[in-house]
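Positions annotated as domain 'ABC transmembrane type-2' by TrEMBL: A:145-370. Residues annotated as transmembrane segment in TrEMBL: A:20-39, A:174-195, A:227-251, A:257-281, A:288-309, A:349-367.
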Amino acid sequence: MRIIRFIIVKEFIQIFRNPLLVLIILSQPFIQVLLLGTAGGDINYASVYVVDEDLSSTSREIISKMEGSDFFDIRGAALTMDEAYKVMEYKNINLIVHFPPNFEKKLIKEHSSKVQLVTNAIDAITASLTYAYSSEIIGAVNKDVAIKWGSKSLSNKASTVSIPYSYWYNRALISQYIMVPAMCVAMVVMITILLSGMNIVKEKEIGTMEQLNVTPMRKTHFIMGKIIPVWIINIVLLAIGLILSSLVFHVPVVGSLWLVFFLSGVVMFLLLAVGVLISVISNTQQQAMFFTFFIIMIFVIFGDFITPIDNMPSWGKAMADLNPQAYYSRMIHLVITKGSGIKDILPDLLKVSGLTFATLAVSLWIFNKKD
Amino acid sequence: MSQPEKAYSISVENLTKKFDDFVAVDKITFNVKKGEIFGFLGANGAGKTTAMRMLIGVLEPTSGKGEVAGFDIFKNSRKLKKHIGYMSQKFSLYDDLTAKENMRFFGGIYGLTNKEIRNRTKELLTHFGMEHIEKERVSSLPLGWKQKLAFCTALMHKPDVVFLDEPTSGVDPSIRRQFWEMIYETAEGGVTVLVTTHNMDEAEYCHRISMMVAGKMITVDTPQNLKDKYKLETMGEVFLHLARGYEKEHAITAS
């Protein structure tokens, strides 16, 4: 145990003797959480072009309702669809609303009429949101029309059961409540793997590993001495990240803050184990660097961050079972956003611990064999 | 024969290391007395470093017997490591730590107490006249001083045997001289020194030398005896004579 302490002290001296490294590490919470947390904004705006060939009171009512909502921004009107398509092509319009001639007449005579909605699906998420919101507005107009003209068929369609939405755990759908904790997770994953991944291989490259191999020091002690400083640094970074998320974005921590740190501490050991494995496999820092980037990419893509794991094919889900980031972001969201307790995350914590021991055992085996 | 063997710090019998088909070290046998400075000579790739790596417990021998500081190199490599010091060919202290911090770290790794570390650091630095570099970062030291510091660090835990792998390569003659004075002083204190070199001037400084060619140890004797035996002036000539002779003979038997 005393030996581990000597290694930890040495590691800290070396880190603090490298001011650029300290600066880069300490700037991470500010860059990742502040900048990226702000950049990943909500979709709260769609630009609209109108092609009104009907020019009736109903078509105008729908347009004015759209104008009245904060979401739609009516940019202009075109006389023909061709003209509107051109605008969509060159000016990046999200939606074209097209009222065909005799739109209102048909509505009164035949109790049914058609509006055309053309959405720009280059940005799929905005397109589907735009479509949903505009359908909602048209639905509301349907209801008014039905009441106004007492149309039977329309009043049947205007169902009496309405569906009010409520988004649990994030009622206002504030994206920062999801984004900011996710950025904290991404930051911890990146820094932990990067620092520990470069750590042991550096000693190999500068030749000190050879010297250490001649001492009676055990490899287990060496690895512990190497990863504990990185662990401490990341706990500090996480604390800074959470303070920023609370001060700047007012992200509430619904669950216990202690639990957030506890689960992070556990997951960090798995991340450190991954770093150690990279360090042990690599012979040079360059190799380790490439390895680390490759692994972080996979972790992020399969980490519930870009695509939800539930939507992945079975092999993707299987990969997520081995992915520290997937466990970490799931648990963090459960505790921070939903307020889950230790019981709810215990299965994940146990799996993470199992993976940690397995990874460390493999690393140690390779380390003993290779060097 | 078993009784006197105990007087040896290093005793090796038929030690062999094979890497697949390549025999890097071929049945070498030699003994080194306590307090002796023993030179390992040979050209690059002759097997000196491989032999040394087996003796310091980082490379497992293929066959043969070996005992260093009273410990079997097969069975007790961890215990053995506590009693030996090693200075590698490649400079291997931490550049970003000071001299004192390096010595403290390695002292700690060898399990010394804080008090022992303090006393030993002071003792070694004073003894070798290096007190003034105590607080200097290693990166700012000239190569010769780095090597002297590496030697001090290897002595932190009072080892019985020190292994020096080409300790003076790239060092200027005056520092080399000082370095050898350090080696002599250490050996006089009862520490056995095994040093590899391909610098033939240095070979003259050793009490006894062994010469390796193509994995085999072709001779073990004092430098004076060797020069007398072959009636040559310098160790360099002896080395060339022996190496060429061996290679010729070997080429004939091989063809």
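Please read every residue number as a count from 1 along the shown chain.
Placement of Cβ uses the backbone N, Cα and C atoms for every residue, glycine included.
Nobody curates TrEMBL annotations by hand; they come from automatic prediction.
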Positions whose Cβ lies under 8 angstroms from the transmembrane segment (A:227-251), at least six residues beyond its ends: 4, 8, 11-12, 15, 25-26, 28-30, 32-34, 37, 176-177, 180-181, 183-184, 187-188, 191-192, 195-196, 199, 257, 260-261, 264-265, 268-269, 272-273, 275-276, 336
Proximity verdict for the transmembrane segment (A:257-281) and the transmembrane segment (A:20-39), three or more C-beta pairs under 8 Å: no
Cβ contacts under 8 Å made by the transmembrane segment (A:288-309) with residues that lie 6+ beyond its boundaries: 182, 185-186, 189-190, 193-194, 197-198, 201, 274-275, 278-279, 281-282, 316-317, 319-320, 323-326, 328-330
Beyond the flanks of the transmembrane segment (A:174-195) by 6 or more, those residues with Cβ under 8 Å of it: 25, 28-29, 32-33, 36-38, 40-42, 230-231, 233-234, 237-238, 241-242, 245, 249, 251-252, 264, 267-268, 271-272, 274-275, 278, 292, 295-296, 299-300, 303, 305, 324-325, 328-329, 332-333, 336-337
